[in-house]
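Colleague: Copying in the features that Swiss-Prot gives for the protein in this structure:
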{"type": "ACT_SITE", "residues": "100", "note": "active site, proton acceptor"}
{"type": "DOMAIN", "residues": "106-340", "note": "domain 'Radical SAM core'"}
{"type": "DISULFID", "residues": "113-345", "note": "disulfide bond"}
{"type": "BINDING", "residues": "167, 168, 197, 226, 227, 228, 302", "note": "S-adenosyl-L-methionine binding site"}
{"type": "ACT_SITE", "residues": "345", "note": "active site, S-methylcysteine intermediate"}
């Protein structure tokens, strides 16, 4: 029988392809077209319960419910919209956890920033998510649901997906890749419009390349490595987990990934005022990028509670960028969005959890 993604003791249909759902219907003693109907209602009509799929025989719907099979949609807990129309959603899982996702609109695109885990074990000093540690990894349906929920809430088709929300995607690599397959095949978001971010996990980049090729064929999504420092000492200060992954080893693995996939790597660099944004740091970063098929994305820090890091001035950001450009580094500056509504990753979720504890 078709293996279904598991939610505790329940099975979720969200995340299955049309072919999988056709096979599922046949195994249930139904015609294969019933599987195609389920697929349409889940991915195009946004069905949230089996009972809402009125084209299915009621007897079969009731039977599926008795078996514990469900669509696997999340429940909205809270939504916040910033002045620039950036949307932040908090959604509840079957086991009472909270997932955070963000919709970032511009005139021509809608980017969904999805979470891959509930919490995060990496402990990056600038990140609100890591303050609470890791609870668990997300299932495929819980990842895909984030994109569908943003689409429904904003009444607009997402064009891009970035795995830059809560969690370390490479610690949930199989579900992330299955989610990418679903996003491309079932929701219609091209692989080139998807970015997977990682802080760097030893001995995983080659595995990612090989697994992605096995699951997706040719790798077309973008790998974004969260570098955030141009030397090992400073990187360990900002990212404690970097102590087990020397920066030279990380860059060596990135070059191997490029060889295996033919895709350039994007390096994320969060600018922390007075800490890693000086001219010498730009020079060191340019030296690291020499000979790399890569791109550097600069991000001005969004302050969070409990940390004393500062957001650099716009003039400092511009000077850092210009130094890199003058050294021949391909560089861009990410526009800050939703700063008036707890935009830093994990902030709204942490505040909500704190309120629940207080009450």
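Just so you know, glycine gets a Cβ as well, placed from its N, Cα and C.
Computed from a predicted structure; not experimentally measured.
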Colleague: Quick one: give me the count of other CB atoms within 10 A of the CB of residue 226 (S-adenosyl-L-methionine binding site).
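Modeller: Other Cβ atoms found within 10 Å: 25.
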Colleague: Could you measure between residue 227 (S-adenosyl-L-methionine binding site) and residue 100 (active site, proton acceptor) for me? Cα positions, answer in whole angstrom.
Modeller: 23
Colleague: By a 10 A CB contact count over all chains shown, which of the recorded positions listed here is most packed: 113, 227?
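Modeller: The residue with the most neighbouring Cβ atoms within 10 Å is 227.
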Colleague: Quick one: pull the CA-CA distance for residue 228 (S-adenosyl-L-methionine binding site) versus residue 100 (active site, proton acceptor), whole Å only.
Modeller: 23
Colleague: For residue 197 (S-adenosyl-L-methionine binding site), write down the residues of its own chain that are at least 6 apart in sequence and whose Cβ falls under 8 Å from its Cβ; none is a fine answer.
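Modeller: For residue 197 (S-adenosyl-L-methionine binding site), the qualifying residues are 162, 163, 164, 169, 224, 225, 226, 268.
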Colleague: List nothing but the largest Cα to Cα distance in Å, as a whole number, among the residues 167, 168, 197, 226, 227, 228, 302 that the record says bind S-adenosyl-L-methionine.
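Modeller: Output for S-adenosyl-L-methionine binders 167, 168, 197, 226, 227, 228, 302: max Cα distance 19 Å.
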